[in-house]
């Protein structure tokens, strides 16, 4: 509790304990509310140290606000507590939680108007958000919007449900869009089990970091005034760099996209893990005699994602093996379509292959190819002399 008590100084704590939970109510904020908020933030994988400053509280509020409409009562209580704490840090006198929330809303409206005005002045409405989650605050500084609990929960749920099947990689890529190395480490740290897989991932990251250092040796001499130091492999992995340094590299001119570089290393490691969890080779994926073409394509692409190959090689695998390993019925149709056929055309053409409707059509075509003379002979011999005397 001692560490959490340091969130407020003595004078601030006095002000905190004078604020009522509800307008006209008797209950007031106590130290236990800060302790509870810290624990809740830890549960959401958010650094509780952010509660110690007004800027940190602002970041937490920005992170929680999108979830308020659909969030639980605990989430609303956490938002209210942080909003009140923000006002105490800012030395804004408030009697209760509602007044604190009104103040937050007022500041957010002002911020929105200034952002809209700035966008109108520059003629570029995307200027504020183009580097999200790194955004520009009212003072013109580039600040970081921490990864949201909703994103973290989605990531944890994917790993729990899918383990490390191939679809985990595109999901990780989507959820970590624009993330800093700190965000990426937060995502990795939320994975509770699968420690063997996480150790493999760590080894891959260390290998890539060492390779980065080999290809990007440190320049001799002092750093020029106003310039940032060059990131080392461990900086990119977020172990020896601060969040401010990461933001600086990512927003510098020209930028060094440490987040994207680290993300590539992680995806490389995830590919190795997926390969271990899904040992089936793409060469082994063949369409069963009665398997619908759609199901075969699903299995094919799921395994293809786990293949450790360049995109060019994967394209070749798709163009060659998808047709080559189809069952005879589908293969005949696909070869007739030609090599330029799209996947949509293939799936449309092979729809229903193997089913009773397809078999009936094949039988009808075979019957239509019977020569006319044979048909006539069969008709001439209609039931003649069938009854023996």
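Heads up, the Cβ atoms here are built off N, Cα and C, so glycines get one too.
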So which range, 26-32, 33-39, gets flagged motif 'Nuclear localization signal' in Swiss-Prot?
26-32
Here Swiss-Prot annotates region 'PPIA/CYPA-binding loop', and of 217-225, 235-243, 244-252 the range meant is 217-225
Whole-number mean of pLDDT values that fall within the region 'Interaction with host AP3D1' (12-19):
90
Counting by DSSP secondary structure, give me helix, strand and coil numbers for the region 'Interaction with host PPIA/CYPA and NUP153' (189-227).
22 helix, 0 strand, 17 coil
